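> Residues annotated as ATP binding site in Swiss-Prot: Gly171, Asp172, Arg173, Gln174, Thr175, Gly176, Lys177, Thr178. Summarising the annotation, Swiss-Prot assigns site 'Required for activity' to Ser375.
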Amino acid sequence: MATTLNPSEISELIKNRIEKVKLAAESRNEGTVTSVSDGIVRIFGLADVMQGEMIELPNNSFALALNLERDSVGAVVLGGYEHLREGDVAKTTGRILEVPVGPELLGRVVNALGEPIDGKGPLGTDLTAPVERVAPGVIWRKSVDQPVQTGYKSVDSMIPIGRGQRELIIGDRQTGKTAMAIDAVINQKGTGIKCVYVAIGQKASTIANIVRKLEENGALAHTVVVAATASESAAMQYISAYSGCTMGEYFMDRGEDALIVYDDLSKQAVAYRQISLLLKRPPGREAYPGDVFYLHSRLLERAARVSEEYVEKFTEGKVTGKTGSLTALPIIETQAGDVSAFVPTNVISITDGQIFLETDLFNAGIRPAVNAGISVSRVGGSAQTKIIKKLSGGIRISLAQYRELAAFAQFASDLDEATRKQLERGQRVTELMKQKQYAPMSIANQALSIYAVNEGYLDDVPVNKLLAFEEGLHAHFANTQGELINKVNATGGWDNDIEGAFKKGIAEFKTTGSW
């Protein structure tokens with residue numbers, strides 16, 4: 001006997017079945033790739049895209065949205081783009097570019113996206129942070145009053161750098177800019193300062209050599225190397241500086257001190273210019289886009305010394321009573337010593353001072369080739385170690401007077417005694433400021449050398465034997481006054497007892513004649 005259903009039962013069954021069906025509504029924002037060339041993709045039909053948003057492309061590749069136009073989006077591909085074709089589907093992700101952060105990155109070499117490229121396996125961190133971030137506000141900042149020792153006599157005495165400062169290293173190619181920055185990184189061993197070295201647009205062989213030198217000097221353990229080599233795309237070279245800054249900020253935000261080197265921002269500006277021109281943005285001076293100043297200012301403003309309140313707020317009370325800092329050493333390469341070019345003037349105006357390295361000094365054998373006349377540190381003076389501040393006052397004056405008199409003495413037939421003495425003192429100060437690469441000097445040894453030249457102990461030492469005398473003097477104090485040297489290095493203090501010990505020790509060493 002057949003079962004009969006009346007219409008109301010049928011409609012009830014259908015209604016129940018419909019109610020049981022769960023349809024998950026999924027909203028997708030998709031567009032179509034209309035052109036691919038030189039690492040730039042144009043996408044039609046994407047709506048609600050953020051500036052700097054990650055756009056998903058086929059084969060697990062991504063692009064960064066930079067141009068938001070009326071009916072299309074101009075984006076730069078991160079990595080290879082050979083597999084992309086016109087008509088490919090592009091999707092928004094709702095995410096800004098993030099990179100891995102954390103202490104696990106120390107001792108590693110990563111690319112601009114934070115992916116390890118040193119063959120040592122995964123990083124072992126799940127923490128990430130956005131590459132672009134607003135710099136700490138004025139309220140959260142503290143004044144710079146703690147030193148960052150570079151280990152260079154000329155820098156620590158005349159152009160001191162403080163924690164949270166931005167100090168530009170500027171000069172022509174092959175004047176020792178990278179060498180100075182690497183020595184500063186090496187000198188942080190044992191100080192607790194974490195370092196980030198960002199290599200932008202350099203040869204892979206050069207970066208490999210730097211990593212090897214850091215390892216040999218025991219500095220790689222406290223350093224992250226971010227490498228965007230010359231063979232990588234302009235997008236990777238542009239992003240790398242911000243990625244490195246994010247990795248350094250991790251330590252600053254948690255009440256620690258970090259040092260970051262950008263080597264160099266000239267190449268980053270060139271990479272950004274390339275991207276901007278390919279995106280058809282209007283060119284300005286030297287064909288750079290109008291926002292090239294903002295490119296560097298938003299990066300360098302993220303270097304700061306932040307207050308205890310900032311650290312406590314950021315860590316939600318887990319870290320209290322500690323200030324954090326990120327010190328930046330940006331490098332700029334000039335062409336034929338022209339510091340009035342567009343990018344050098346921009347970065348000089350953003351930073352808190354500059355160390356100017358000169359080709360003529362470098363070729364004359366004065367290395368580091370620091371031009372003390374136009375090098376300056378605007379905020380580092382208040383962070384300088386007490387003993388160095390006390391002793392180094394006469395160094396800059398001696399050098400300035402020497403340069404002035406040396407130019408004048410070329411035209412004078414005979415010189416009076418006072419002028420001759422000033423010239424000889426200047427010669428000795430210039431010679432004493434020379435220093436070998438990968439040989440950073442401790443505070444006590446710097447103080448010893450400066451004290452000896454200021455007090456006239458080196459006036460009777462031949463100029464060509466000065467560096468040998470200095471080396472012997474340091475060895476003599478290490479053997480006979482080890483406790484004093486350790487005390488000065490630990491406290492950075494200066495008193496009559498230390499001065500008396502310096503006088504006695506230098507006089508003793510001079511009588512040995514073992515130099």
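Using the three backbone atoms N, Cα and C, a Cβ is placed for every residue, glycine included.
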> If you draw a 10 Å sphere around the Cβ of Lys177 (ATP binding site), how many other Cβ atoms fall inside it, taking every protein chain shown into account?
26
> Give me the sequence-ordered set of same-chain residues, not including Gly171, Asp172, Arg173, Gln174, Thr175, Gly176, Lys177, Thr178, with a C-beta within 8 angstroms of the centroid of the ATP site's C-beta atoms.
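Filtered neighbour residues, in order: Glu333, Leu357, Thr359, Phe362, Ala369.
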> Using a 10 Å radius around its CB, how many other CB atoms surround Gly171 (ATP binding site)?
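A 10 Å sphere around the Cβ of Gly171 (ATP binding site) contains 27 other Cβ atoms.
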> How big is the Cα-to-Cα gap, in Å, between Gln174 (ATP binding site) and Ser375 (site 'Required for activity')?
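Gln174 (ATP binding site) and Ser375 (site 'Required for activity') have their Cα atoms 18 Å apart.
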> Between Ser375 (site 'Required for activity') and Arg173 (ATP binding site), how many Å separate their Cα atoms?
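A Cα-Cα distance of 17 Å.
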> Taking the Cβ of Gly176 (ATP binding site) as reference, which residues of that chain separated by at least 6 in sequence fall under 8 Å from it?
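Set apart from Gly176 (ATP binding site) by at least 6 residues yet with Cβ under 8 Å, we have Leu357, Phe362, Arg367, Pro368, Ala369, Gln437.
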> Would you identify which of the recorded positions Gln174, Thr175, Thr178, Ser375 has the most other C-beta atoms lying within 10 angstroms of its C-beta?
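Top count of Cβ atoms within 10 Å goes to Thr175.
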> Measure the Cβ-based neighbour count of Asp172 (ATP binding site), defined as the other Cβ atoms within 10 Å of its Cβ.
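Result for Asp172 (ATP binding site): 18 neighbouring Cβ atoms inside 10 Å.
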> I want to verify one value. Collapsing DSSP to three states, which class is Gly171 (ATP binding site)?
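Where Gly171 (ATP binding site) sits, the three-state DSSP reduction gives strand.
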> Cβ-Cβ under 8 Å from Arg173 (ATP binding site), same chain, 6 or more residues apart: which ones?
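In sequence order, Glu333 meet the Cβ cut-off.
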> Could you tell me which three-state DSSP class Gly176 (ATP binding site) falls into?
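Going by the DSSP assignment, Gly176 (ATP binding site) belongs to neither helix nor strand, so it counts as coil.
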